[in-house]
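Below: the structure, in C-alpha cells.
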Amino acid sequence: MASPFLPAGATTGDSGGELSSGDDSGDVESLQSPETEASGSLTELFEKAAAHLQGLVQVASREQLLYLYARYKQVKVGNCNTPKPSFFDFEGKQKWEAWKALGDSSPSQAMQEYIAVVKKLDPGWNPQLPEKKGKEANTGFGGPVVSSLYHEEIIREEDKNIFDYCRENNIDHITKVIKSKNMDVNMKDEEGRTLLHWACDRGHKELVTVLLQYRADINCQDNEGQTALHYAAACEFLDIVELLLQSGADPALPDQDGCLPEEVTGCKAISLVLQQHTTGKNQGDYLSLVAPSQKVFPAPHYQDKPQWKQKQPYSKVH
C-alpha cells in the first residue's frame, strides 16, 4: 500500500526503505542527461525546480507537496533529527513524518526525486528558461518557497494572532501586547487553551515565567479539563513542571476523564515529583531514586486518549 505522503503511483522501494517512483522511475534516470549537464549541476537543477514549483502549487496534490517538502528539507537540512511536533499539531506532524521517513537518504537522491516530481507536474518545463521575478519569486526558509506548506508555516505578520506569537516564543511581542492591556492574558483558543497551555506544550520556560508574572491563571483548564501542568507533564518538561508547582499549580486537579497530571506522563521523574509535591516529601528523595529519563506509563484510561496514542513512541525527553 502506497504511503499517503507519496505522489500518485509512487511506492516504497525494497532497499533501505528508500522511496522509488514506481511507474515514473524513468524520470529519475532521465536526470542524468544532457539536460542535467547543460544546467551546470544537479544542485543547480534542483534550485531551479524549487523556484519553478512556486507556479505549480495549485495543480499539486497535498501528498505531492508533502513528498516535495520532505525532500527539500533533506537537501537543505539533512536527516530529520528535530523533535516531533506536539500531539495536537496535526499538520506539523504530517510534515515531520514525511521528512523523518526519508531516514538516511542522500541529498543527491532527494534532489533527483524532487526534480522528477516537478517534471511530472509540468512535463513542458524547461530549466533553461529564467523563472519569473518579483512578487512571484517569494522566498522563505533560506530558499525558494517550495509549496503552500511553507506559506502555512510562514504566516504574514498581519495575519498572526497571539497564539502564533506564543508558538514562536516571541516573548517581546507577547509582553508588549499584555502591557498595552488590549488582551486578556487568559484568553483561550478554540480548544480552550490559553497562552500558558501553549507555552508549556512547546517547552518555552522563559515565556511560562513571563506569563505567570502577568498573572496567567495557572490552573485554567482547557475544553478537556487539562491544565498547563497536564501539558507540561504529558510533554515531559520536568523543569516547567517544577516551575508550575513552585508557582502554585494544583497537582490534584483532574481533567474531565479524572486524570491527574501525574497520570498523563511517561516520565517517572515527573510522576514522582508530582507525587512528592502532594505528600510533602523532599525533592532530593525522588531524584536519588530515579533518572529523569526513566519511563513509566500513564493511567490505562489515559492511554486510550488520542493525545497519548499520537505522541507514542515519541517523547520530547530522550
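Backbone N, Cα and C define each Cβ position, glycine as well.
Annotated region 'Disordered' per TrEMBL: 1-40, in sequence order.
Taken from TrEMBL, the feature compositional bias 'Low complexity' covers 17-31.
Taken from TrEMBL, the feature domain 'ACB' applies to 42-127. Note: the domain 'ACB' (42-127) comprises 56 helix, 0 strand, 30 coil (DSSP; helix = H, G, I, strand = E, B).
Tertiary neighbourhood of the repeat 'ANK' (191-223): same-chain residues 86, 88, 162-163, 166-167, 169, 171, 174-175, 178, 185, 229, 231-232, 235, 237, 239-240, 243-244, 247-250, 253, 255, 316, selected by CB-CB distance under 8 Å and a gap of 6+ residues from either end. Positions annotated as repeat 'ANK' by TrEMBL: 191-223 (among others).
Feature annotation from TrEMBL assigns repeat 'ANK' to 224-256 (among others).
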Given the model, what does the mean pLDDT over the repeat 'ANK' (224-256) come out as?
94
